[in-house]
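As given in Swiss-Prot:
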- 3-18: disulfide bond (DISULFID)
- 10-23: disulfide bond (DISULFID)
- 17-30: disulfide bond (DISULFID)
């Protein structure tokens, strides 16, 4: 499966962002997960 890169639009309920990234519920795109 291809993962979604930085700033790719995504679905918070079906997070397909790459490792160390998280789908932002507010902005609906993949952001770095800093925590």
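Cβ coordinates are placed from backbone N, Cα and C, and glycine is handled just like the others.
Long-range Cβ proximity for residue 30 (disulfide bond), meaning a same-chain Cβ under 8 A and a gap of 6 or more residues, is found for 4, 5, 6, 7, 8, 10, 17, 18, 21, 22, 23, 24. In this structure, residue 23 (disulfide bond) is part of a beta strand by DSSP.
Secondary structure from DSSP puts residue 17 (disulfide bond) in a beta strand. The Cβ of residue 18 (disulfide bond) has 13 other Cβ atoms within 10 Å, all protein chains considered. Cβ neighbour count for residue 3 (disulfide bond) (all protein chains, 10 Å cutoff from its Cβ): 13.
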